Ligand SMILES: [Fe+2]
Ligand SMILES: [Fe+2]
């Protein structure tokens, strides 16, 4: 599958724009990848109460203090982040995308983020976790607050200033926002948290919680695919955006995000749990960052192996197998800037 370049789209405008009269008719579909992701997302629909989380309560009772603390720490990070992603979509993505098929997908993604938020609320309701303390951590824990501040900085440009999407700098801000949210937050930081969350099940704990996380991972992997396709399409249709300097900036954003995640993971796991420690998670973070760099057309930076191969196996159950690989081939020339 390939993205149709704007020149081949028979006079239709590119994927970016703000004209309200544009993007009101679905057919002909200009970006079939967006339509396929929408169909896939609808097929993946699930509801939190399909999982009997209460059955995990006995596990929670016999978990160590460090294990319970880690679970709470994850909820503290995930909960506000799900809502932050929706703000980024509403203010920074949806208004500047002109294709109806992309709007369909974004509408489904926004519902999914709401569903994830409610899933984590279900966790907070089911287990004896102090909700106020869990809520406070995203402000009180400096390494967690730093991640949030990093994200908020990008969306502020979209909400507090006028963004002119017809200018090169406006298009660059649009891409920066996608890198900050789809690639870094959803594609690196969330996966790092998912790996820790699913590690409980690897040790025969919180199996139902694990099912909830499986479904969230399945959704997030599509969010990531949509975001990367959107970035690559914008770069293909607007080659003036992707200067060497801009490519360096994007790569540096990802490397900075890895450093932030490493500090956060040391706070998440001051002591090891479940056979994990912060260094193990951080190797996974570096592995993830290399994959994202590769998907964007950069070479890998860290060159580390995946320490959690069982996570790769979990992701291989996705139905859109080799989607990135197919896209990557067609973008190799246009997207590679290093
Ligand atoms: Fe989410
Ligand atoms: Fe997401």
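Glycine is no exception: its Cβ is also placed from the backbone N, Cα and C atoms.
Curation plays no part in TrEMBL annotations; they are all automatic predictions.
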Annotated stretch (transmembrane segment, per TrEMBL) among the listed ranges 109-131, 132-154, 155-177, 178-200: 178-200
Additional site residue, 67, 82 [criterion: listed by TrEMBL with 113, 116 for Fe cation 1]: 82
Neighbours of 113, 186, 220, 223 excl. site residues, C-beta within 8 Å of centre, Fe cation 2: 85, 109, 112, 116, 182, 190, 219, 222, 224
Cβ under 6 Å from ligand 1: qualifying binding-site residues of 82, 113, 116, 223: 82, 113, 116
